[in-house]
Amino acid sequence: APFNYTGTSHSVFILLGIPGLEEQHLWISLPFFISYLVALFGNITLILVIIAERSLHEPMYLFLCMLAAADLILSTTTVPKALAIFWFRAGAISLDGCVTQIFFIHATFIAESGILLAMAFDRYVAICDPLHYSTVLSHVIIVRIGLAVVLRSFCVILPDVFLVKRLPFCRSNVLPHTYCEHMAVARFACADIRVNVWYGLSVLLSTVVLDALLILVSYGLILHTVFRLPSRGARQKALGTCGSHLGVISMFYLPGIFTIITQRFGQHVPLHTHILLANVCMLAPPMLNPIIYGIKTRQIRERVLSSLSSQWKLR
């Protein structure tokens, strides 16, 4: 519908945090703070261990290093601002700051999806074509895959910046959320946002949804190959190498799918529930990914334990 826009567009927005639970903000901040500390410590430890340990300079661990870096960016983009809202009621954010947050949140989310797809491809080659593993996934190819993931994220999300910046905001500047999200901000515009809606949907379908479908195909081929192996021990070993990755995939996609279903069909679900679910998508993967890989991967676990024991002896 057309709008008669004659006012001044807002240049500052107010993030409310979690509306309806303002009195519990202090208690809600505790899991946010603990999750952020665990994400920082776990992902930085993963990156340092993989860089320092030459035996971990393999495709799977290099992709894991990329995933840990993306997790650090995602959690640092969202959690500190949420804690500022909970602790100091510092919900004010400029339009430029809001757009910057939108860019990094969405770009990092798409980058993580691309990295998970690359890790699924790594497992496919390792199990289905092991003789050509070192050739197919050489260090040069891994660098190219990493650059492709970053460039794809940058190119598909950059238009979001201009789509939001072009909008006039003359209604409310109060956002009932802990962070700026593209469509949540666009709905406050006094202009036609159909371009924003359709572009956001096309980006979701062409990146995250497509990645998820390709991951399903790759694991279908992996399972087909695994169950044709003659030895039960070989089957268990092959499935064991995929266990960590499957856990990380579940933590990345399942909360997002559940959030989308709740938003689509949960019209009677309270607003604070929607916001809490959206924050789970931002908090859970960065916190749990290093824990899953640290527990399931022997080389990483042994390296971390040896580092901790050597520091303890020095004390």
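Glycine residues also receive a Cβ, built from the backbone N, Cα and C atoms like all the rest.
These features come from TrEMBL:
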type	residues	note
DOMAIN	42-293	domain 'G-protein coupled receptors family 1 profile'
TRANSMEM	26-49	transmembrane segment
TRANSMEM	61-88	transmembrane segment
TRANSMEM	100-121	transmembrane segment
TRANSMEM	133-159	transmembrane segment
TRANSMEM	203-226	transmembrane segment
TRANSMEM	238-261	transmembrane segment
TRANSMEM	273-295	transmembrane segment
| said: Quick check for me: are there 3+ Cβ pairs below 8 Å between the transmembrane segment (26-49) and the transmembrane segment (273-295), leaving out pairs under 6 residues apart? | reply: yes
| note | With the greatest number of Cβ pairs under 8 Å to the transmembrane segment (273-295), the stretch among 133-159, 203-226, 238-261 is 238-261
| request: Give me the stretch from 100-121, 133-159, 203-226 with the greatest number of Cβ pairs under 8 Å to the transmembrane segment (61-88). | output: 100-121
| message | Counting CB pairs under 8 Å, which listed stretch among 100-121, 203-226, 238-261 touches the transmembrane segment (133-159) the most? | response | 100-121
| note | Model confidence over the domain 'G-protein coupled receptors family 1 profile' (42-293), as mean pLDDT, sits at 90
